[in-house]
Amino acid sequence: MREVNFSIPNVNKASVNITTTLYDRRALDCTSTLPLINSLNHLAYLTTSSARIRDILTVDGGIERLVCILKEGRSRDLMEMWKWSLAFQCVVNIGVRGSESVRTRVVEADMVPVIATILDNYIKVVDKARARADSENQRHSSRHHPKAAPAAGDVTGRPSFPDQSSNSEQRTSRRQAPPPSIEIPAFLHQNTNAPDTNAMDVTSSPRAPMTSPPERSTFGQEAHIHRSHDGRHLHTGHRHRAMQPLATALPPMDTADGFGLRPVRDTERLPSMLPTLHNGITSQPDSPTTPNGPVQPRSHAQTSAARQRPTLRQQQSASGDSDDGNGEGSTLGDNAGSAETSEPIVGLQNEMEIDEVSDRQTMIDGVSNSHDLTVTDPSESQEAETFNISHRSTVDGSIINNDTTQTNTALGLSPTQAANNANSPALVPSPYTLYFRDRSAVPQNVLTTMPRDEDVLMSLQLLAYVSKYCNLRSYFQHSHLVPKLKVDRELQMLEEGASPIEPPEEEEEYMLPDDVNIFPLVEKFTVRHHSKDMQYWACVVMRNLCRKDESRGGIRQCAYYKCGKWEEFQRQFAKCRRCRRTKYCSKDCQKAAWVYHRHWCHTTP
């Protein structure tokens, strides 16, 4: 039986391929890597621009073939990695831009296990990098400060929260009467702004000057120490910052600039008088493939003012209510008042102070920042404020000329990255991947298999568009990991002094149980040490989990992933008092879910 590399001699073709004007399903069955890459490159353009091609791929087995390419794993060969990245890009285009039926076919083609494996690999790499950074930091401090090593070890080894009695004393001392009022001159009322005392307020809204120092005014001092002093002060600053309710979820320099009063940003004080700047901040592209406009040079003052990223409630997707994945009733502000409803409310305090010390320790352990890794947000250093990956076709002739000469690509970044496109922001590699790259002991072939930031971003966005259909929720809550995509073996090779590991026997994917829930994996990306784009799309996915199932009478599911209980009738479960979106069947479920829910719980006006 002949191979599927159908040759066409009369047109001088060695194999059937897909072009920007012709789609041929046989090209996806090609066994040679180079013509398959060429076909996938053109297919990525077609899936972006043609709804007809997306519909055809759902009925001719094209999606299943693309998923099979993804499940074969990411090889260390550059061409194989290029093929994998292009196939993944095609599937994301189909799911993001397709209709409801097309998105349903993407989920039914078993794409969810691929996404779950990508997210799980990224979390494992982050944990490994932070563990190594902490160990190196401890060795470094003990070597340079031998006398102070016991004290430093005492600080790092102590739980983030002290015992209950000391915690009560701390809480009591914070609630003492404020000092006398401070007279603020009238001319300062227009140029200064005090930090908000509400620990739950995360948005950037206009605030009135305060007559007394806020409780969290010490954050300016802690942030100052955080940048100017050594590692011992840094540990202490993290410990005191953890004492504040929900203060760990806020960047210290964004909470208070200076020691009390700071100038009001133009975007906070006069949003209506600056329509151009305001629209530029809150705008969202139709999809990750929408190119940006020409970059306009801006002054340093304008750049620093525009770097203030809007909150998740202020961001809207321009693709419409049906495609933004935000769920029903998305909030766009952060007002203090909320409408009265007849539904029961679970009564948690504004500070959400959970009394169990063990729960607090778990909360901090899950989101503690590494003191050696500096996590920089790529989106804050770019002109564009939103996630944008441009798909370029070969019509302009630049993608082949630029990418084929890129043979020494570092970190396993595929040649599909359009780094020379001036209209699209360059995606900065993950700081965790850069951490491993800077260590010369790490083999290069191990780095090539590490998950990339753009893969995680596209995975989260694809989930945001397909997870809003309640009839597909079982695919997300009962999934598995793809064995050939795991990076466990590569992570074991990163251990110091580890000997070469023999490859274990490959597991058959069809024999694996569907015991993986993808929502807890996604919820980990709502933590602040991830980039703003990852947080945004992860929050959209988690809000989709709170949607009511209209096919079952409009009932909702308990938002705690270990519970999963459904309502027997409408409005049986109580909503979270703050966001009024998540529902819990009991106080215990809400308390257990608050460990990560606090990162995507936002006040409803």
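The backbone N, Cα and C atoms fix where each Cβ goes, and this holds for glycine too.
Looking at the stretches 56-97, 434-475, 560-601, the one that Swiss-Prot records under the feature zinc finger is 560-601. One way to see the shell of the Zn(2+) site is to take the Cβ centroid of Cys576, Cys579, His597, Cys601; the remaining same-chain residues with a Cβ within 8 Å of it are Arg578, Arg581, Thr582, Trp594, Arg598, Trp600, His602. For the binding-site residues listed here (Cys576, Cys579, Cys601), the lowest count of other CB atoms within 10 A around the CB belongs to Cys579. Long-range C-beta contacts of His597 (Zn(2+) binding site), restricted to its own chain and to partners at least six residues apart, with a cutoff below 8 Å, comprise Glu523, Ala559, Cys576, Thr582.
Assigned with DSSP, the residues of the zinc finger (560-601) fall into helix, strand and coil as follows: 11 helix, 6 strand, 25 coil.
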